[in-house]
Amino acid sequence: MSSSGTRRRAASVPDTDTDDGEPAVTLKKEIGLLSACGIIVGNIIGSGIFVSPKGVLENCSSVGLALIVWTLTGVITAISALCYAELGVTIPKSGGDYSYVKDIFGGLAGFLRLWIAVLVIYPTNQAVIALTFANYALQPLFPSCFPPERALGLLAAVCLLLLTWINCFSVRWATRVQDVFTTGKLLALCLIIIMGVVQICKGHFYWLEPEHAFHPLQPYDMGRIALAFLQGSFAYAGWNFLNYVTEELIDPYRNLPRAIFISIPLVTFVYVFANIAYVTAMSPQELMASNAVAVTFGEKLLGVMSWIMPISVALSTFGGVNGSLFTSSRLFFAGAREGHLPRLLAMIHVNRCTPIPALLFTCISTLLMLCTSDIYTLINYVGFINYLFYGVTVAGQIVLRVKEPDLHRPIKVSLAWPVIFLIFWAFLLIFSLYSEPVVCCIGLAIMLSGVPVYLFGVYWENKPKSFNSFVAKLTHLGQKLFMVVYPDYKNAQYCCLSKKPQSWQSSAPEQTMDK
């Protein structure tokens, strides 16, 4: 091995050369404004708006209140995204809320956020999206019955493997895939909205008239309305994914807030008007009886062209899998860089500058989830915890303002916005605990199972030499196998609060690799 053969580069600075004049290796800044919007929109719009807006309607008890919930949830999403935008440029590191929670509240809090994401959230979400893709892609081949489970699992696995290869091969290819499929799903939703406008022009707006829109299908209940907001919030999930790739964003100080200002209102508009379109063709009872609202909508209005809707859902979920793989791998990369995951996951390919170990780790964990039968139950358990950390992160923004008032903030929003979000957040969590105490407590137990892992893996620094030697050999083998090296962090611009943990410094020495 030769130190002169090393190609290295800081993860958050422009292209530089190494001391010997050779090009450096880094996560390149290749995500422009269009791709940034594609990441946000592509991750938010998955299968939900096509498949099950009925959950919001069931809990709201009226069409009018459901549309209000969709609108207000979009406003709250925009507020929380603005709070994350300030944190993203104040703590300019990839990793999103994991990095912010770790820097503000300490290593254990950050690790627990990472632990629940690694263990359940991302593998299960990706598995569900991939299975949804497989289900709708195969539906035209099985028009009168459900596709075989083995066929679903096989196609979902092929989808994951293909997209993992694309992400490993090139960041630019991955972002292009995201751009194309995001455009495709927006065109499909535009078709739904246009058909809804045509229906309104024909006079089919009975359920949009105020006296009918707010007629309750069942008595209003505050607890059920809170659940409707929670389900609406889950439909907007993915708004924070751009923060996971901050270091790969071109001019993040400008493009991060711009992408938010463009994407969140666009998604809110699409969600609200798609729901309006649905009720122009279906009664609330028909909508709530359908497990695939867009498909039912297409069957009613498109006739022989109704196959467009299941294909649209398949394309939408394919892009959703790509976006989730892209962003979640950066979260695991950031966790490994901070010493909270195995060091190999913090390395990138010497030529392609992609985090191949983190991507493969994400893919393998998702493939394992495809082998289980309880992934939907796991998502229910950790959904509460996921939203809990959103609130903790936004609360961290207020804490940071108090602890570090003079810290440079290229974007600084009014403190009224995080306060509004936290009031809404507390409202949802209180009613979630009241409505589903067992599910919430199991989610908390899964999160707290990370405490002993943190104590062993991170807090206990003086591990036996034999253990450290074994881990070092495995890491070295992984470097040779995947042709990966550490980026050079000596020039990285970290937040003044962020200090590399001792376990990271002692366990991640500078590595070299022959070309």
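Keep in mind that glycine also has a Cβ here, set from the backbone N, Cα and C atoms.
Worth saying up front: this structure is predicted, and the values here are computed from it rather than measured.
Feature annotations, reproduced from TrEMBL:
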COMPBIAS  1-10  compositional bias 'Basic residues'
REGION    1-23  region 'Disordered'
TRANSMEM  31-51  transmembrane segment
TRANSMEM  63-84  transmembrane segment
TRANSMEM  151-174  transmembrane segment
TRANSMEM  186-205  transmembrane segment
TRANSMEM  225-246  transmembrane segment
TRANSMEM  258-281  transmembrane segment
TRANSMEM  301-321  transmembrane segment
TRANSMEM  384-402  transmembrane segment
TRANSMEM  414-435  transmembrane segment
TRANSMEM  441-460  transmembrane segment
Distal contacts, the transmembrane segment (63-84) - CB-CB under 8 A, six or more residues away: 53, 56-57, 96-97, 207-208, 210, 212-214, 220, 225, 228-229, 232-233, 235-236, 239-240, 243, 257, 260, 264-265, 267-268, 271-272, 275-276, 279, 284, 390, 393-394, 397, 413, 417-418, 420-421, 424
Candidates 151-174, 301-321, 384-402, 414-435, 441-460; stretch with most C-beta pairs under 8 Å toward the transmembrane segment (225-246): 414-435
Contact set, same chain, for the transmembrane segment (414-435): CB under 8 Å, 6 or more residues outside the stretch: 76, 79-80, 82-83, 222-223, 226-227, 229-230, 233, 384, 387-388, 390-391, 394-395, 397-398, 401
Proximity verdict for the transmembrane segment (186-205) and the transmembrane segment (441-460), three or more C-beta pairs under 8 Å: no
Residues of the parent chain within Cβ reach of the transmembrane segment (441-460), under 8 Å, 6 or more residues beyond its termini: 107-108, 111-112, 115-116, 119-120, 339-340, 381-385, 501, 503
Outside the transmembrane segment (151-174), six or more residues from its ends: residues with CB under 8 Å to it: 27-28, 30-31, 126-127, 130-131, 133-135, 137-138, 248, 318, 321-322, 325-326, 329, 349, 352-354, 356, 359-360, 362-363, 366-367, 370-371
